[in-house]
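Visitor: This is the structure, below, for whatever I ask next.
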Amino acid sequence: MASLEAKAEQEPLLSDSLPGSREWDIIETEEHYKSRWRSIRILYLTMFLSSVGFSIVIMSIWPYLQKIDQTADASFLGWVIASFSLGQMVASPIFGLWSNYRPRKEPLIVSTLISVGANCLYAYVHVPASHNKYYMLVARGLVGFGAGLSMQRNVAVIRSYIAGATSLQERTSSMANTSACQALGFILGPVFQTCFALIGEKGVTWDTIKLQINMYTAPVLLGAFLGILNIILILTILREHRVDDSGRQCKNVNFEEASTDEIQAPQGNIDQVAVVASNVLFFVILFIFALFETIVTPLTMDMYAWTREQAVLYDGIILAALGVEAVIIFMGVKLLSKKIGERAILLGGLIVVWVGFFILLPWGNQFPKIQWEDLHNNSIPNTTFGEIIITLWKSPREDHNEGPTGCPIEQAWCLYTPMIYLAQFLTSAVLIGIGYPSCNVMSYTLYSKILGPKPQGVYMGWLTASGSAARILGPVFISQVYTSWGPRWAFSLVCGMVVLTITLLGVVYKRLIAYSIRHGRSQE
């Protein structure tokens, strides 16, 4: 038995142990074991495909919006971007509740169908004679509504299924695999978007069905195709499985196969304080990373006088490198968590994030290059964050003049705030790239363990909703503070927020334990 346990400890992240190699006496046939892991791996693929479907389109939203509706301005662009997270926030608890009382195939398939339909609508928003921007708003909101289950960083049904279909020993590895697949999708999505840019704005038109296939619509059509492929895989391979923390089969409403050796899920109350604290921790983790993603481009353009093309290229390389770094971190947390535990990794990740933002504070006596020239094309005296986003996303084909570079004089802090050196920024990015994925996967893992064998659909739905709220509020917060007061105030407030989060984690540290440990069914 000791040798089997040692073997299980050394297994790679994406490889799962055989039934006889786990330390608990698990009642599970080999056929059931294979079916269970086939289903889990299908959800890994679902996470990857959904992540690609989201990231493949995000950078082309603004130029497409400008092309289809000349009345769209920066403020409306903000609503289009926010509509995705708003739709996801509304849908997540609904579909999570659905998954608790019906087979999980149903909400997964319905949510994916909604996303497929919304992607097709997005490809046709150019057809109406007027109000095209509102059709895009509806399309993005519906994509987010469908993503309440099947998308990226906050997945209600996928994560609740994996949490319920894995033993306590398997869960950290499975959650890490899920996050790694998500990160890979985020890395490859922009690569596909770059390839589709070769099609150009005109592309080709299928007159019979009024379909334009160009650099803006091809990505969403690929996303729709991936969604249909995903539905086929779910229908043909996914089966309902549920096990308790020890790996024993549990009978529940989602389970399709009756078995004489199944046992009922143990009874007991969930620690609601730990649940609420975990949601707050997860909100802050997503909030911080959302604001970092938002501020990278305007910060580098202001500090280093990068042109739009340079910003797209260099920041794209930086974010891709952070994605690769995240995959490595996801693959490493499995082994590390067995040595020091999930709570310690979560605490360490928050400390690393704090150090990263502290390093990002402006120091020294060198100031950024000032952009003295007025913004052309009806410039507004006070530069808004939306206008900064527009200068990044504006298509080079529409404006061949690169325009002035540097920190805009309209931002008064540019005159007295020291610049952030490039080495300083890169060091901070590397640290945040280490801390965020560690916190992300550990918060999910701890949350699922706190819930234990109870149905997790609604609880995971609330976690998804909190993450969606974070991705709405994070960009709004950082855009207002950065534009008005500059990076020193913005990153100081972030550092203070992380300190408060570390304090909260310290207060609830002893309560963030697995359900089975809390009720004395296993040892920590």
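FYI, residue positions are counted from 1 along the chain as it appears here.
Using the three backbone atoms N, Cα and C, a Cβ is placed for every residue, glycine included.
Model, not experiment: these values are computed from the prediction.
So TrEMBL lists these for the protein:
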type     : residues : note
DOMAIN   : 39-513   : domain 'Major facilitator superfamily (MFS) profile'
TRANSMEM : 42-64    : transmembrane segment
TRANSMEM : 76-96    : transmembrane segment
TRANSMEM : 108-127  : transmembrane segment
TRANSMEM : 133-151  : transmembrane segment
TRANSMEM : 180-200  : transmembrane segment
TRANSMEM : 220-238  : transmembrane segment
TRANSMEM : 273-292  : transmembrane segment
TRANSMEM : 312-333  : transmembrane segment
TRANSMEM : 345-364  : transmembrane segment
TRANSMEM : 425-447  : transmembrane segment
TRANSMEM : 459-483  : transmembrane segment
TRANSMEM : 489-509  : transmembrane segment
Visitor: Pairs of Cβ atoms less than 8 Å apart decide it: which stretch in 42-64, 108-127, 220-238, 345-364, 489-509 has the most with the transmembrane segment (273-292)?
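Guide: Looking only at 42-64, 108-127, 220-238, 345-364, 489-509, the most contacts with the transmembrane segment (273-292) come from 489-509.
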Visitor: When you check the transmembrane segment (312-333) against the transmembrane segment (425-447), do you get at least 3 Cβ pairs under 8 Å, counting only pairs 6 or more apart in sequence?
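Guide: These two stretches do touch.
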Visitor: Sort out the residues at least 6 away from either end of the transmembrane segment (108-127), same chain, that have Cβ-Cβ distances under 8 Å to it, and list them.
Guide: 46, 50, 53, 57, 67-68, 91, 95, 135-136, 138-143, 145-151, 157-158, 210-212, 217, 220-221, 223-224, 227-228, 230-231, 234-235, 238
Visitor: Other than its close neighbours in sequence, what residues sit by the transmembrane segment (345-364), given a CB gap under 8 Å and a spacing of at least six beyond its ends?
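Guide: Sequence-distant neighbours of the transmembrane segment (345-364): 281, 285, 288, 333, 336-337, 417-421, 424-425, 427-432, 434-439, 442-443, 446, 486-488, 491-492, 494-495, 498-499, 501-502, 505-506, 509.
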Visitor: Taking a Cβ cut-off under 8 Å, which residues six or more beyond the ends of the transmembrane segment (180-200) line up next to it in the same chain?
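Guide: Residues 13-14, 44-45, 47-60, 152-153, 213-215, 218-219, 222, 316, 319-320, 323-324, 326-327, 330-331, 437 contact the transmembrane segment (180-200) from elsewhere in the chain.
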Visitor: Checking distant contacts: for the transmembrane segment (489-509), what same-chain residues at least six beyond its ends satisfy Cβ-Cβ under 8 A?
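Guide: Distal contacts: 273-274, 277, 280-281, 284-285, 287-288, 291, 295, 343, 346-347, 350-351, 353-354, 357-358, 360-361, 478, 481-482.
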Visitor: Report, as numbers and ranges, every residue of the chain located at least six residues beyond the transmembrane segment (425-447) whose Cβ falls under 8 Å of a Cβ in that stretch; write 'none' if there are none.
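Guide: Beyond its ends, the transmembrane segment (425-447) has Cβ neighbours at 153, 159, 171-172, 175-176, 178-179, 183, 275, 278-279, 281-282, 285-286, 288-289, 292, 296, 299-300, 303, 318, 321-322, 325-326, 329-330, 333, 337, 342-343, 345-346, 348-353, 355-357, 359-360, 459-460, 463, 512.
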